[in-house]
Amino acid sequence: MFAAAFFLLFLMTYQPGVTIQEKVNWRVSRAVQSFTPTAVSCQLDNWAEWTDCFPCQDKKYRYRSLLQPNKFGGTICSGNVWDQASCHSPTACLSQAQCGQDFQCKETGRCLKRHLVCNGDKDCLDGSDEDDCEDVRILENDCSQYDPIPGSEKAALGYNILTQEEAQHVYDARYYGGQCETVYNGEWRELQYDPACERLYYGDDDKYFRKPYNFLKYHFEAQADTKISSEIYNDANDLLTKVKNDKSVSSGLTIGVGIRGVPVTVTAGVSMSQDAAFLKKLSKYHEKKYSFMRIFTKVQTAHFKMRRENIVLDEGMLQSLMELPERYHYGMYAKFIDDYGTHYITSGSMGGVYEYILVLNREKMETAGVTSAEIQKCFGVSLGVEYEYSEAIQIKGSSSLGPCKKSGDGKLTENEKAMGVEDFISRVRGGSSGWGGGLTQDSSLVTYRSWGRSLKYNPAVIDFEMKPIHEILQHTNLGSLETKRQNLRRALDKYLMEFNACRCGPCFNNGEPILEGTSCKCQCPVGRQGLACEQMQSEGAKADGRWSCWSSWSACRSGTQERRRECNNPAPQNGGASCPGHRVQTQAC
């Protein structure tokens, strides 16, 4: 009888990666003892009807909604939420003579004033406005000699606030409207070296840059080294929270909404997002022996502001907009949102973000007898960061490692591995094309100085203000689009709800809800575990609350309507913080 009871206790307390002493200490938090995570299977709605055939694509589409993401180990969904098929439309791609006396671009139907034809600028994406020009009118000062302002293509992109990913172009970043406006670069007099001719010269070509029509203002900032911060986190969740706060994310993470014709699986969602790659790598280091050092800096190179009225849309977006039906169809409008983003950028800063996260093995550090400060200084040398540190580091039981030296191939040195640096996760934005893709794919280190030199003319958009995508339709030069704007606004509300991490959880004890495709999971802090992070070692710890999803909008009364949410997903426990923000939201109707 005793043996059976002991065996049962062993099964109940067995946790891989946890010490024998910790195994017998695990308890279910008293605050959530009544909650037992029950597996919830994923559910997709029935397919909607096929759309009409898109005449410019020769394709038709259908869509089905995500009724329920799977939670707590429930069955995942198979198949797609989006389907497409080839078709043939009897309708011509472009209606004839829709521009009246103005010029019409051949491929997209954009209308141009006649003075923009044969002026030396390709104001049509296909260049048809410059075809068959016998006498090209060159713009004053020959603006073709100037490169566009750095980062203009990136500022013109849409943005998805759920996935924190860039979308397709919203603004036309190559349209100049016949204007020749330039921006002065105050750092053009910096000496440059030509290795072929072995000479120093001033970069005259970088003195002026041309400003596209959709940019109202663009101002170069004098580039200066920003102080590099270094922070230690003993918990992967604490690190994740810091990264989210820096990106102004308030409630969970959404990865891969599964609408781009990709199978709805966790794997598909992970492969689609920089945050997914970061989380996937970070999730390998959930044991208590790991801590994390974050080396971070942000550099601004320019400020910009976009035009508010008479915005010229990207031709691809214009064509997609014209193909949207006047009658509301969620699937078609949801695809438009997925292609062009939930929001568009109105102003912001150019520059770069330089971030490395070192995964430290505390057991190896203790064995080696080194501190976090020593690792910080030594690793800084490898990154090209000046910490004014050149002392030899002594490893217990071995000879001195000698002074830290910069690694020639950009990899972790044997010194750093011996000190307990298990891995590094790089999240560098801005800089040359090889380094500007977010999480670097080759696991190499980019030195700070090399990155900084390439940043001026290859910046990323690092801070920005934005508006919902439907609002841009009120500020274009296309005339009245009110019906489609209202349809897009209605679809955006549903889209933001359908793929929001608030549908996951509750994740207890400060667990982080994450929606990957159509699958929910809880990222548990150290000392918590279980499918809902409901198991913890010490009882009575503070646990913050999280918001539920917003309710549907109420009926319109006296020109306003409202929606509500509750701080019960989960509610705060043991003196934890309540949910930030407002419980009720109103809008005009």
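Glycine is no exception: its Cβ is also placed from the backbone N, Cα and C atoms.
Recorded disulfide link (TrEMBL): CYS133 to CYS118, out of the candidates CYS118, CYS124, CYS143.
Per TrEMBL, the disulphide partner of CYS99 among CYS87, CYS105, CYS111 is CYS111. Residues within less than 8 Å, Cβ to Cβ, of CYS133 (disulfide bond) and separated from it by at least 6 positions along the same chain comprise VAL117, CYS118. Mapped onto three states, the DSSP output places CYS111 (disulfide bond) in strand.
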